[in-house]
Amino acid sequence: MSSDKLHKVVHEAHDVEARHAPEHFYNSQPGKSYCTDEEHYREMYTQSIEDPAGFFGPLAKEYLDWDRPFTQVQSGSLEHGDIAWFLNGELNASYNCVDRHAFANPDKPALIYEADDESENKVITFGELLRQVSEVAGVLQSWGVKKGDTVAVYLPMIPAAVVAMLAVARLGAIHSVIFAGFSAGSLKERVVDAGCKVVITCDEGKRGGKTVHTKKIVDEGLAGVDSVSKILVFQRTGTQGIPMKPARDFWWHEECVKQRGYLPPVPVNSEDPLFLLYTSGSTGSPKGVVHSTAGYLLGSALTTRFVFDIHPEDVLFTAGDVGWITGHTYALYGPLTLGTATIIFESTPAYPDYGRYWRIIERHRATHFYVAPTALRLIKRVGEEEIAKYDTSSLRVLGSVGEPISPDLWEWYHEKVGKNNCVICDTMWQTESGSHLIAPLAGAVPTKPGSATVPFFGINACIIDPVSGEELKGNDVEGVLAVKSPWPSMARSVWNNHARYFETYLKPYPGYYFTGDGAGRDHDGYYWIRGRVDDVVNVSGHRLSTAEIEAALAEHEGVSEAAVVGITDELTGQAVIAFVSLKDGYLSENAVEGDSTHISPDNLRRELILQVRGEIGPFAAPKTVVVVNDLPKTRSGKIMRRVLRKVASKEADQLGDLSTLANADVVPSIISAVENQFFSQQKK
């Protein structure tokens, strides 16, 4: 670290230059930008903070259709946890996403389905979507589903999942989407907690060329669950012999043909729940985050429009599943509220080859691509050469979601995928926020590699000192990220447990919403997200961002991915333990001196520790580096550092809730690696 940066708190901000939107972005726009420049953003943002009623009230009337107008824009406070928006108004989410667009332009594409098998791709228009949603809503209504009831949706990323969600919302009921990769036990836990009367699923799923026995998992999970009276089964594969329990299980296609092609939507109150979405905590059972109808819809629409500069003619490719908040907000509710076509992607970036993403973009002339850094790292590692084979010139905006994107991956994304012609939108938000908290407005706000940039409208972001609890004013400060006033799309509660909601988000810093993330605000007022606060390590009084150490490790030519955790240390308070997965074939027990493509385990650890010392300083050097085959990741692509911390702290018997792990099978090998590479060395 150079001496002129030592006194800077957010020192990495001085390593990058602000980037303005390239000419291609403006030349390829189908219309004028919704936010024209940085000054326009500042004006709108200031109004949204100083006069939220005057800002969001007119926008709610402009972007949403109401059955009954609201009489008050906002009430309640973070201190009391009684937030409400657009009071006394009535509307329906399904109508706002489907009907009004179908009436205006029934032949306009709504859902572009990219199936696991590309020969099964199809396009569903708004007119067709309205008919399908009405039919499924009719089935549910005939089963007694009504306003306020909860319905579980356990489907893969196929159009039927979108149809099911909108059908539930059409009746004023509450959908609880459960990711179709969850186990039977995890499914049961969520269905029972939500009190679901009906489950919507399918016979089987297809992903990466493999068959997923979806209905079988549902049957196992619901064994003995008497509260579920009906199961609607979509025929995805048509496999014969799928067990169907009489009087409980019914085929989607057989029931839908009995229904009318149009079912009027049921108006609900602005604050009535639209959906539950379960998110896993570090301890205890998963919590069902509750999102309201009007506030969530408006937040999803506004962020989709202004952050991504989405126009009605655009095509949005969000490579996320509706089992997670990214799929809810930016594959469904955001684009459909705006009447924009959205790509529903069932498969993986590697099936049938690593050209899949780029074929999708070329085939459908996608203008926006929104993906997690995990997928980008995978492609960078093994499939980069596929990008150049396809015409991706339709792209205008590239988004990143799920975790902070490192500056080097940001640059790769910009150059290799965007051909230096696209705006990069690094977005920071979470299940509980409903929509973007920190993100650039494409074309209006200059970007910085590694920074999520600036707060969205209504997000009164601040940095709090985690020790004193005081807000840190000014720029070049670092602490925990919080928000000090309510915004429309924020979660309202945890299902059946408002006390847990209050304890988790509103009590840690009274008067503020606590995001749980560490962050820095640089000299320009841009935000740099550090990751979860429990991913900050304090070594000998030095507060170290694990993201910074991980970035230093990732610069090594042999490292594919890195994760860093802190464990208790008698001498330094905490010690840094690094976990790395390597590029294929890089490590060799028999490597010889001078071999530039292979290295022995001991030499690799030595190099990595020296790399961190050189990049950050001796105080940041890991106590040890553990080489693993893969890192534990949630199904949304985030590394579950809690697992690594527990294992490294000799608490492998206290791992907590692992239901969101996509690769739980790697945990035993990680435990073994820590034992062999760390604990055994301590004994010597």
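Glycine is treated like the rest: Cβ placed from N, Cα and C.
What Swiss-Prot records for this protein:
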- Arg207, Gly208, Gly209, Lys210, Thr326, Ser540, Arg613: CoA binding site (BINDING)
- Gly402, Glu403, Pro404, Asp426, Thr427, Met428, Trp429, Gln430, Thr431, Asp517, Arg532, Arg543: ATP binding site (BINDING)
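Pro404 (ATP binding site) sits 15 Å from Thr326 (CoA binding site), taking the CA atoms of both as reference points. Gly402 (ATP binding site) and Arg207 (CoA binding site) are 21 Å apart (CA-CA, integer value). A helical conformation is recorded for Thr326 (CoA binding site) in the three-state DSSP classification. Taking only the Cα positions, the spacing between Arg613 (CoA binding site) and Gly402 (ATP binding site) is 28 angstrom. In the three-state DSSP classification, Thr427 (ATP binding site) falls within coil.
Each residue contributes its Cα atom, and for Gly208 (CoA binding site) and Trp429 (ATP binding site) those atoms are 28 Å apart.
Around Thr326 (CoA binding site), the same-chain residues six or more apart in sequence whose CB sits under 8 Å from its CB are Thr318, Gly320, Tyr370, Val401, Gly402, Ser636, listed in sequence order. Ranking the binding-site residues Thr427, Thr431 by C-beta neighbours within 10 Å puts Thr427 at the top. In sequence order, Ile325, Val401, Ser435, His436, Leu437, Ile438, Ala439 constitute the residues six or more apart from Trp429 (ATP binding site) in its chain with CB-CB distances below 8 Å. Here the CA atom of Thr431 (ATP binding site) lies 29 Å from the CA atom of Lys210 (CoA binding site).
Note on the binding-site residues Arg207, Arg532: the fewest other CB atoms within 10 A surround the CB of Arg207.
Gly209 (CoA binding site) sits 30 Å from Thr431 (ATP binding site), counting Cα to Cα. Least crowded of the binding-site residues (Gly208, Pro404), judged by neighbouring Cβ atoms within 10 Å of its own Cβ: Gly208.
Every protein chain shown contributes to the tally, and the Cβ of Lys210 (CoA binding site) ends up with 10 other Cβ atoms within 10 Å.
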